[in-house]
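What follows is one structure encoded as structure tokens, with my remarks underneath.
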Amino acid sequence: LNAHRMNMENGSSVKEFVLLGLSVNQGTQKICFVMFLFFYVIIVAGNLLIVITVTSSQGLNSPMYFFLCYLSFVDICYSSVTVPKMIADFLVENKTISFAGCIAQLFGVHFFGCTEIFILTVMAYDRYVAICRPLHYTTLMTRRVCGRMVIGSWVGGFVHSLAQTLPTTQLPFCGPNRIDHYFCDVHPLLQLACTDTYAVGIIVVANSGMITLSCFVILVTSYGVILGSLRSQTSEGWRKALSTCGSHITVVILFFGPCTFVYIRPSSNLSEDKSVAVFYTIITPMLNPLIYTLRNEEVKSAMRKLWRRKVGSE
């Protein structure tokens, strides 16, 4: 602490950070390089395929696929903020990131992550209206309304990210500069600040934690209402709705569970946090294309038509 005070008095500050990554073992890092490179290829290829399929197929013009297209685009951006840097760090000994790059990564993670949370919430509302109020669906979910919901998701993610990034940039960092994580996030940076970070930690909980927890509760409640309203439906209608909602619920649990665990605490120095973060930064974006395509006949049919059209044109 005395060394930190002397550094602050001398006006020195941290110019770059060192990311410790998931493991310090060289053999484990080589295995992780191959594994996460494979995961990232699936993320980009799978989500890009959904974007191309939805935008190229006239049959996939309902609001559900409109939102799915944006979800896939956000997944590509979200994982690209952290995964390429993590993969490259597996091959180098000096895993450094500049202060500006660290702050940019922090902004990107929360911008795209929060945007994904809002889009998933909007998709749950879309399924609620489609199943519980089918006669009013075309009136309530117009193209203009859907567009405004997507814009609202992007704006909400931007405002949230600013609320996370701006207070962090005002903190003094005078050493040490070793971040026990594979990307720059609020909690690891708070541990390195040369000042009391209790107030900023409260802001993190009030912002990230409450957004994640409240949206998670809304999503679980909405799907509970949807499934409850289907008790009087035929067995075929029940299976179809359950198939659609089941894929959404799977994504919600995989994404929101780890997010809530990490961001609901004011201060976090658990080493497990970086392992938990793998689920919402890598696993969920990778599984989204598989979940939404393997359980959806319309998307699979559109992909087959697109493939036949591509082969036929060649």
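Using the three backbone atoms N, Cα and C, a Cβ is placed for every residue, glycine included.
Some features that TrEMBL has for this protein:
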TRANSMEM  33-52  transmembrane segment
DOMAIN    46-292  domain 'G-protein coupled receptors family 1 profile'
TRANSMEM  64-83  transmembrane segment
TRANSMEM  103-125  transmembrane segment
TRANSMEM  145-163  transmembrane segment
TRANSMEM  198-220  transmembrane segment
TRANSMEM  241-264  transmembrane segment
TRANSMEM  276-294  transmembrane segment
Residue numbers, six or more beyond the limits of the transmembrane segment (276-294), whose CB comes under 8 Å of its CB atoms: 22, 36, 39-40, 42-43, 46-47, 49-50, 68, 71-72, 75-76, 78-79, 82-83, 109, 113, 181-183, 185, 247, 250-251, 254-255, 257-259, 261-262, 300, 303
Chain residues in Cβ proximity to the transmembrane segment (64-83) (below 8 Å; excluding those fewer than six residues from its ends, i.e. six or more beyond): 36, 39-40, 43-44, 46-48, 50-51, 54-55, 105, 108-109, 112-113, 115-116, 119-120, 122-123, 126-127, 130, 143, 146, 149-150, 153, 182-183, 281-282, 284-286, 288-289, 292, 298-299
